[in-house]
Amino acid sequence: MELVRREDPQLQEVVWFAVRCRALTLLLQASAVFNMLIPDHAADAFSPPRLSEPSPWDVLVEWLLGGLSHWDAEHFLFIAEHGYLYEHNCAFLPLYPLSLWAVARGALWPLQWLLRLQSRLLLSAVLLNSLFSALAAAALYELGRVVLRRRRVAFLAALLFSLSPANVFMAAAYSESMFAFLAFTAMWQLEKGQSWLSGLLFSLASGARANGLINAGFFLYSQGKRFALQLQVGPGSLRKLPLLWKQVLSLASSAILMSAGIFLPFAVFQYYAYVRFCSPGTGLDRTIPEPLLQLARDKGYHPAAMDGAKPPWCSQRVPVVYSYIQDTYWNVGFLRYFELRQIPNFLLALPVTILVSWAAWTYVSTNPRHCLTLGLERSKSEEEEKPRDGFCCPSAFVYVVHATALLAFGFFCMHVQVLTRFLGSSSPILYWFSAHLLQEHEPLLWSAGTDNPPSGRSVLGESPGSCGKGTPDNPVVRLLLNWRLITPLSKGILGFFLCYWLLGLLLHCNFLPWT
């Protein structure tokens, strides 16, 4: 995959900025910095016992990187080490823990004499997430170039991704970085016309996070739009088209195959869970260490095939363990989170809710007819080959719909505080719209160039990243260095990204509740 091309210095800056931000994140979360400010909170969260004594090197890894193994990260690391022993582990899909297991037992195998498996898994998570986050930033840049057709906005959006308000979850042992990389790359390949490669990547994404299933809508919309636009060509061209029924059959078969491929990893995992927990004696059972059985007794966890009792979901007409766990263990459901005591969590989700809602309103108010026709009508600008570019371009429609659907589902049906990382790892809209607002309303970014409002020279000096000829200016660094000069809107956007990044590190890495 040609993600880093030598002839594109902006892409190189995106990758290097992502690497530097990840290094800073790892430095700040280290016990030597933030844990000296706030001691770890004794949270009532999943915290399995360690089955072996740590070596001095294990203690060092835990001291440096232990803040990245809290909350849901404990589940991913536990699954990678022990498999799906407890029923509620099945809320976490297998691609990410399998990747951790492969790196820990493969690339990091020589370290087995120094580090126990749990430490190697944590180290694998740090290495993989650093790689995935840099590649996701590059993929977002390429996707923005294709969809928005404004290089500077795509560049700014990719830089903002490295400062994501969900940054702590991109660094911790969570699947967000992997999912963002797979989803953004799949979207980019689909825009390039690489349908089968895009389908493969979307399929892998659905093996990492369940919300990857909704990505089937990108492929279905792409095929439907292509068919609808073909029907609107002139009579002369219409004679050259295949018969309508053949086109419909080809479209339907392609849509069914691709959607089935995207749903396949999730369906296979549900079948595995059914066999694991509902069919004792199938060969998947193995001895569970006594400390883990004792943890199950103390906490009320349900190990696989314990006493031969089947969980209630095994008797459902369609036994889907994922939805059962979300309902039973986490009380996820429509309006279930709408309680007075959850007001602080709604406030945590307020910034990202406002930004994505504002993005949707801006797009709809700018393109009312395009939205009413679902983008399936050939516009005059498209016929003249001069379509609008930027955030409000026709090509961004499906991404706005996707982000709005995720926002609505997350706000009404999920634990609302996770909206920040839910949207930050799944949709480019948060970054595209933030970059659009900065580019349109920040005078300090109005320098000469095709993507900027007409004005003279930039009033800013060179940023530290632009040291020589051919090295692109980093607009995010420039704005931060000139904080006093930027507009309140720019301060609000950058303040949101930076505050959530730093607060997330401070709270999450010390086992305090966060998004």
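Just so you know, the numbers here start at 1 and follow the chain as drawn.
Glycine too: its Cβ is placed from the backbone N, Cα and C atoms.
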Exercise. Can you check which of 92-117, 248-273 TrEMBL lists as transmembrane segment?
Worked result: 248-273
For this session: Select from 57-78, 343-364 the stretch of residues annotated by TrEMBL as transmembrane segment.
Result: 343-364
Problem set entry | Contact check, the transmembrane segment (396-418) vs the transmembrane segment (493-512), 3+ Cβ pairs under 8 Å, seq sep 6+ | no
For this session: Would you kindly list the residues that approach the transmembrane segment (343-364) from elsewhere in its chain, counting only those six or more residues past its ends and only Cβ-Cβ distances under 8 Å?
Result: 165, 337, 371, 391-392, 396-397, 400, 403-404, 407, 411, 415-417, 419-420, 423-424, 427, 429-430, 432-434, 493, 496, 500, 514-515
